[in-house]
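This report concerns only the one structure given below.
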């Protein structure tokens with residue numbers, strides 16, 4: 001068997017990659033995160049919107065994987081094929097930043113969890129925590145350098161291991177669930193700080209996106225799949241599995257403790273919910289599960305970060321140095337660039353801990369990472385819609401075209417809703433992070449002797465720059481904060 005064929009990923013590994021990417025730290029903090037924004041009624045409405053929106057997005061990724069198998073790189077490739085080089089670059093850049101910002105947040109949460117057992121790690125932002133996080137970062141880095149397939153196998157093992165505590169949590173809370181607690185204040189009327197039901201639903205949206213980031217994981221690795229048809233299957237199977245886990249964890253928690261009680265919990269709040277039911281050993285169980293979960297999620301996202309930059313560099317949308325692979329067919333330069341950025345921001349976390357805004361480093365990274373991935377998701381959904389409108393690949397399949405048109409239309413509407421729900425603040429902060437990427441885009445274009453921007457791309461870039469300038473001034477003046 002050749003080295004290339006031995007690196008191919010089967011359906012099980014691809015599905016584990018999707019599940020492993022989505023089940024990181026988010027689900028373990030879900031009870032408090034949701035209760036801080038919404039009560040039971042709004043939570044149920046929000047999950048219904050999320051289920052429909054994210055399922056249509058999963059179906060779009062499945063359809064694109066089947067109908068456009070020649071496109072490698074997922075969100076990046078779809079944006080480029082549909083809307084040009086700069087949109088493709090922007091999707092790659094935004095996805096990449098989202099991924100490694102999420103990794104920084106995961107490192108902080110991991111050592112914050114260890115702080116439950118070893119106070120020296122505090123909330124994940126002490127000297128000891130940053131030093132140990134750095135050691136772990138580079139250990140994962142060199143593991144991935146040994147080969148994509150080897151790391152994917154380890155991810156499969158950690159995915160299975162971390163799901164067990166989640167099922168135990170669900171089973172125990174199912175028996176501890178009390179209907180009178182669940183229905184005590186369905187619409188949150190006793191807590192005016194939550195606002196209207198519409199505001200509650202809107203405020204919980206970024207959290208739902210955060211816990212679903214990774215749904216596109218299999219499509220990013222489409223070029224390494226043993227069967228291209230497995231990419232779509234892995235996306236949908238992974239989505240349904242994670243959706244069930246998320247909804248059960250969230251809803252059952254609200255039948256064990258009230259919304260005000262959940263909102264006041266420290267994270268990982270799932271550990272404290274189980275401790276409330278069964279005692280100290282419950283918190284230990286969930287904390288161990290979280291540690292395994294975070295290690296698996298970090299491994300998944302280290303892989304995804306490098307792969308998206310590598311895919312963009314292969315066709316000259318990113319500079320040439322990012323497409324170089326080592327002897328194990330790993331995009332080594334992309335991996336080095338990614339983890340250097342993570343290392344820098346781990347140091348930044350230490351120096352920005354205790355900011356007067358009161359927001360912890362993990363939450364800041366969560367919100368920024370989520371806002372950065374909204375644009376790549378939008379362009380992927382829009383490309384699915386574009387194919388159906390043009391009839392491309394549907395020449396003899398009118399019925400499928402009509403079905404996919406509806407699905408892609410819903411996915412686009414959902415993506416636009418997410419941009420609205422995220423709010424102007426995070427749209428401007430995203431522009432501030434998107435704008436500097438044009439330097440790499442210009443370098444890549446210079447390497448192949450092409451003009452940097454063409455046509456409408458100039459207007460889009462101008463809008464990004466204006467948004468970035470407004471954000472920069474806002475941070476300076478104080479009307480915007482991270």
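Every residue, even glycine, has its Cβ placed from backbone N, Cα and C.
Lifted from Swiss-Prot, the feature list:
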- 1-10: topological domain 'Cytoplasmic' (TOPO_DOM)
- 32-40: topological domain 'Periplasmic' (TOPO_DOM)
- 62-100: topological domain 'Cytoplasmic' (TOPO_DOM)
- 146-156: topological domain 'Cytoplasmic' (TOPO_DOM)
- 178-202: topological domain 'Periplasmic' (TOPO_DOM)
- 224-235: topological domain 'Cytoplasmic' (TOPO_DOM)
- 257-283: topological domain 'Periplasmic' (TOPO_DOM)
- 305-333: topological domain 'Cytoplasmic' (TOPO_DOM)
- 355-365: topological domain 'Periplasmic' (TOPO_DOM)
- 387-403: topological domain 'Cytoplasmic' (TOPO_DOM)
- 447-458: topological domain 'Cytoplasmic' (TOPO_DOM)
- 41-61: transmembrane segment (TRANSMEM)
- 101-121: transmembrane segment (TRANSMEM)
- 125-145: transmembrane segment (TRANSMEM)
- 157-177: transmembrane segment (TRANSMEM)
- 203-223: transmembrane segment (TRANSMEM)
- 236-256: transmembrane segment (TRANSMEM)
- 284-304: transmembrane segment (TRANSMEM)
- 334-354: transmembrane segment (TRANSMEM)
- 366-386: transmembrane segment (TRANSMEM)
- 404-424: transmembrane segment (TRANSMEM)
- 426-446: transmembrane segment (TRANSMEM)
- 459-479: transmembrane segment (TRANSMEM)
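The highest tally of CB pairs under 8 A with the transmembrane segment (334-354), across 41-61, 101-121, 157-177, 426-446, 459-479, is held by 101-121. Only residues 6 or more beyond the boundaries of the transmembrane segment (125-145), in the same chain, are considered here, and those with a CB under 8 A from a CB of the stretch are 107-108, 110-112, 114-115, 151, 154, 298-299, 302-303, 306, 326, 328, 330, 332, 335-336, 339, 342-343, 346-347, 349-350, 353, 361.
At the 8 Å Cβ cutoff, the transmembrane segment (157-177) and the transmembrane segment (366-386) share fewer than 3 close pairs (sequence separation 6 or more) and do not count as touching. Highest Cβ pair count under 8 Å relative to the transmembrane segment (366-386), across stretches 101-121, 236-256, 284-304, 404-424, 459-479: 404-424. Remote same-chain partners of the topological domain 'Periplasmic' (257-283), defined as residues 6 or more beyond its termini with a Cβ less than 8 Å from a stretch Cβ, comprise 25, 27-36, 39-40, 109, 112-113, 116, 169, 172-173, 176, 181, 184-185, 188, 191, 249, 290, 362. Within the model, the topological domain 'Periplasmic' (178-202) shows a mean pLDDT value of 86, rounded to a whole number. With a threshold of 8 Å between CB atoms, the same-chain residues lying at least 6 positions outside the transmembrane segment (426-446) that come near it are 85-86, 89-90, 93-94, 97, 206, 313, 316-320, 367-368, 370-372, 374-375, 419, 452, 461, 464-468, 470-472, 474-475, 480, 482. Residues 26, 46, 182-183, 185-188, 191, 194, 200-201, 203-204, 207, 250, 253-254, 259-260, 262-267, 269 of the same chain, all 6+ positions outside the topological domain 'Periplasmic' (32-40), place their C-beta atoms under 8 angstroms from a C-beta of that stretch.
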